[in-house]
Amino acid sequence: MEKANWSSPVVGFILLGLSAHPRLEKMFFVLILLMYLVILLGNGVLILVTILDSHLHTPMYFFLGNLSFLDICYTTTSVPLLLDGFLTPRKTISFSGCAMQMFLSFAMAGTECVLLGMMAFDRYVAICNPLRYPVVMSKSVYVSMAVSSWTIGGAASVVHTALTIQLPFCGDNVINHFTCEILAVLKLACADITINVISMEVSDVIFLGVPVLFISVSYIFIMATILRIPSIEGRKKAFSTCSAHLTVVVIFYGTLFVMYGKPKSKDPQGADKEDLSDKLIPLFYGVVTPMLNPIIYSLRNNDVKAAVRNLVPLKYFSQ
């Protein structure tokens, strides 16, 4: 029987989601749907104001518009399937559909890692070298930086997706996750995945280690420059220009490090709890973080708040 099972190739996958926790499914369906609507509305408004308000045609807000568009794309690749999975206990997805989702999810996540590093460089130049800022961060430069972020994320995703789909999947086709998360899919391969593991470790260094190190060094110089500003008001103004980005970085990378660095439980009785947490942590990373980004930037940025007020006719506020 075992040979018969392993001889038939997998043509699709079954996503378990929260089928082992039926009481949570309806609650999470409503919660995730509301969060997704907030993501679309909040990030959509940010994209609009950065395009329509000429005062926001600067590198910082150009990167912010890219980040908002990225968050919309990232959540759209997974949330609709996620919501459908809450309504369908054993959600099936085709092999090609799973491959496409793996590609888009990894591309968006990789792009955001690089983009946050680019935004840190922008803040470094603005605060540490303000006189040279218009020259260093010219339009051709910051557009090229954004394009390179998307290109690097997409290229890495092509490599990982290609390495994954060429593996033979000829046994268990049940993915114990909400979506086709690449690490969960690799566990189902009936072949040696050493190359995949090595490539993932290299990607961890490129997309996690390097950007975090770059951002940390940038903010060391930024904080040193801010502390040398003589006036308290000047220090507050300088710090306010990068506090929103720093908050997003802490939430984004903090969740990633918890997701990949959380120690595995050795207690068999705690396996169910660990299994649930392994699903909910990526859910926080994939839905809550994109929802918080526009809120953080709008609440901590007077220029964005002013642009939003100008976008909405004043008569709506007077009613």
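Each residue, glycine too, has its Cβ placed from N, Cα and C.
Predicted automatically and left uncurated, TrEMBL annotations should be read as such.
As written in TrEMBL, here are the features:
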- 42-297: domain 'G-protein coupled receptors family 1 profile' (DOMAIN)
- 28-49: transmembrane segment (TRANSMEM)
- 61-83: transmembrane segment (TRANSMEM)
- 103-121: transmembrane segment (TRANSMEM)
- 141-163: transmembrane segment (TRANSMEM)
- 205-227: transmembrane segment (TRANSMEM)
- 239-260: transmembrane segment (TRANSMEM)
- 280-299: transmembrane segment (TRANSMEM)
Examine the transmembrane segment (280-299) against the transmembrane segment (61-83) and state whether at least 3 Cβ pairs sit under 8 A, considering only residue pairs 6 or more apart.
yes
Please check if the transmembrane segment (103-121) comes into contact with the transmembrane segment (28-49), where contact means 3 or more CB pairs closer than 8 Å and the residues in each pair are separated by 6 or more positions.
no
Average pLDDT across the domain 'G-protein coupled receptors family 1 profile' (42-297), rounded to a whole number:
83
List, by number or range, the same-chain residues at least 6 past the transmembrane segment (141-163) whose CB is under 8 A from its CB atoms?
59, 62-63, 66, 99, 102-104, 106-115, 118, 121-122, 182, 195-196, 199-200, 203, 206-207
Which residues of the chain, 6 or more past the ends of the transmembrane segment (61-83), have a CB below 8 A from one of its CBs?
15, 17, 29, 32-33, 36, 39-40, 42-44, 46-47, 50-51, 91, 93, 101, 104-105, 108-109, 111-112, 115-116, 118-119, 122, 142-143, 145-146, 149, 178-179, 248, 283, 286-287, 289-290, 293-294, 297, 303-304
